[in-house]
Each structure stands twice: as structure tokens, then as C-alpha cells.
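The structure under discussion appears below in the form of C-alpha cells.
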Ligand SMILES: NC(=O)c1ccc[n+]([C@@H]2O[C@H](COP(=O)([O-])OP(=O)(O)OC[C@H]3O[C@@H](n4cnc5c(N)ncnc54)[C@H](O)[C@@H]3O)[C@@H](O)[C@H]2O)c1
Ligand SMILES: O=C(O)C[C@H](O)C(=O)O
């Protein structure tokens, strides 16, 4: 499998590193607009090959999309990250132009590519990538829910005082500070509902901490996070490479599912060699449905800024 990662910054490099360490792809091409930057990151990563024991070939290119030709998967991380105090939505003015151009360049050289959009505001950028490329809806996937769910599990494990590997939980809805819908009622510790262990108040604290997970890290780091985002993308790319058909909440273009249409928003998806193999419609409570609808209103308001 050949994977292109556009944007060799914090998230793009982390993503390339995890893909290499997991050793399922033959080739990763990093692309950046900054002269020599992607080439430098690729060389640094390749010098880890003998240390970390991987065979993936990583190369870099400065804005040269001919090097990306024939990619099976392309990850778009190019664009600016937020600073403390900002929302993701405030990035749209700069990132929309970047994501549009990058998407168009990618499909010129890789018409069969599956695109994973990471740049923020992610749901709107995934919607934009659909519009810019005209790719079928299974082949443009937004990454947000995989990360938000990992953060949900981190917070649940903290509250339950157990390992994160003992916890199952999912976050759907928009990838924004207010739009995420952590499905706390369905979260479980090894099949036992977390409500058996945690008070209502503690569960609400977990939900709120999850929703502002990205903002909390941005405040601590001065820029947004990269390790867990890179790891989350690499798991999605791996599911495509291995056709594993794992479920991730992904930003998918909806056409009636969950009563929503003409937007990309986080819903559970089965991921395999065709990208989104299936959108899974889980039974939601009335309260969860209401939150998802409200989240969709927020995403559509951001999409409207594209016009
Ligand atoms: N969806 C998510 O869960 C998630 C998680 C983390 C970060 N993000 C988003 O990912 C994006 C990248 O974050 P980061 O921390 O890696 O930022 P960064 O500044 O470290 O890296 C971004 C890179 O993009 C490059 N770039 C800019 N314009 C380009 C273009 N036209 N073509 C190619 N490369 C270009 C820059 O030179 C830079 O190296 C941000 O928008 C951030 O908000 C999303
Ligand atoms: O918080 C951000 O702005 C970056 C990203 O969307 C994240 O959730 O880490």
C-alpha cells in the first residue's frame, strides 16, 4: 500500500511515524509546502527504521504531487492549528483554501485514492474535500471520532481507575468543543455499563472533559495535539490496508442516515479496503438524538461559511 500524508507538521509526521512503526504499508510519501521540510522529516523518520524495525519506505516532497502518484490512501493534515483560546471553526478562513487545493492535486495523480481529512474544522473540511473532488462518499473520510473516542476512553479509565484497554466507548457528532456527543449511556467496562460504577455527576464530568479534550491540550501545549491524532489516523489507514472492517466513528457524508443529509459528521462506520464500507445506524436515545441534531446544526452553520 502507498500512503500520502500532506502536511509534514506535527500531526502529519506523527501519523507517518505510527504508520511506519505499525509496518503495514510499503510506502509513505510526505508532502509539505515548506521547502525541504517533508524531505527532512522523511529522512529523520527513515533513520528510525533499523532502530524501530520497520520496512516502510518514507520519502518527502516539496509540493510535488507527481511523487504521490498511485496512492491508495491520502491523509490531509495541511493547514494551521489553533492557538489557546481559539475554536477549530476559526481556522476555516485559511484552511479551506489549502484543503481544496490539496484535494484537487491529490486526485490528479491518484484517481482511485481514499482521502482521510484531518485539517480543522474537520467536518467542514471533509465536506469541502467531497465537493472539490467529486469522489464517491465512501472515499472521503473525516478523522475526529476515532480521536475523541480515545480521549473518552482515557477519561473513563481515569474515573474508573482501570486500564483504558478495559473500557469501551464512542463519541459521535461534530468534532468541535460543543458538538461532540460522547455516548456515555453505552460506555462499558468489559461489558458492564459504566453507570454501574460511576455516579451521574462523575459521568457528566467525563463527558465534559472529553468534549474539550482538544482545547485542554491546546492550552497546555500552546498548539494543538499530535500524538493521539497521529495514532488515530494510523489506525484508520491500517483498517483500510488490512481490510479489517473495524468500526470507527468517522465524519461521513450523510444521505438520510440518522435523519441527516448534505453534511459530513461523526457517525459509526465500518472501515475496510473501500474506505467507508457501511454507516452503522445505532439505536440512540431521544436525548442522544437531540444532541446529534444540534451538533449537525452547528456543522451546517460552519459549512455555510464556505459559500
Ligand atoms: N481532526 C483532528 O482530530 C485533528 C487533530 C489534530 C490536529 N488537527 C488539525 O490538523 C491540522 C495540522 O495540525 P498540525 O499540528 O500538524 O499543524 P502544523 O503547523 O504542525 O503542520 C501543518 C503543516 O501543513 C503545511 N502546509 C500548509 N499549507 C500547505 C499546503 N498548501 N500544502 C502542503 N502543506 C501545507 C505547513 O507547512 C505545516 O508543515 C490543523 O488544522 C489542526 O487543527 C486535526
Ligand atoms: O483541538 C484541536 O484544535 C486539534 C484537534 O482537533 C484535536 O482535537 O486535538
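Quick reminder: no glycine exception, Cβ is built from N, Cα and C everywhere.
If you look up TrEMBL, you'll see 175 marked as active site, proton acceptor. Residues or ranges marked as NAD(+) binding site in TrEMBL: 7, 8, 9, 10, 11, 12, 32, 95, 118, 119, 120. According to TrEMBL, the substrate binding site annotation covers 82, 88, 120, 151. Marked as domain 'Lactate/malate dehydrogenase N-terminal' by TrEMBL: 1-142. For 147-298, the entry in TrEMBL reads domain 'Lactate/malate dehydrogenase C-terminal'.
Known features from TrEMBL, placed on the structure.
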| residue | record | Cβ contacts under 8 Å, 6 or more apart |
| --- | --- | --- |
| 7 | NAD(+) binding site | 31, 32, 76, 77, 78, 79, 118, 119 |
| 9 | NAD(+) binding site | 32, 77, 78, 81 |
| 11 | NAD(+) binding site | 77, 81, 118, 226, 229, 230, 233 |
| 82 | substrate binding site | 88, 90, 91, 120, 218, 223, 224 |
| 151 | substrate binding site | 171, 210, 213, 228 |
| 175 | active site, proton acceptor | 88, 120, 121, 122, 123, 142, 144, 145, 147, 148, 251, 266 |
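Close to ligand 2, meaning a Cβ under 6 Å from one of its atoms, is not one of the binding-site residues 9, 11, 151. DSSP classifies residue 32 (NAD(+) binding site) as strand under the three-state reduction.
Within the set 82, 88, 120, 151 that the record links to substrate, no two Cα atoms are more than 18 Å apart, and one pair reaches that distance. Binding of NAD(+) is attributed in the record to 7, 8, 9, 10, 11, 12, 32, 95, 118, 119, 120, and the widest Cα separation among these residues amounts to 17 Å. Within the domain 'Lactate/malate dehydrogenase N-terminal' (1-142), the DSSP-based counts of helix, strand and coil residues read 67 helix, 28 strand, 47 coil.
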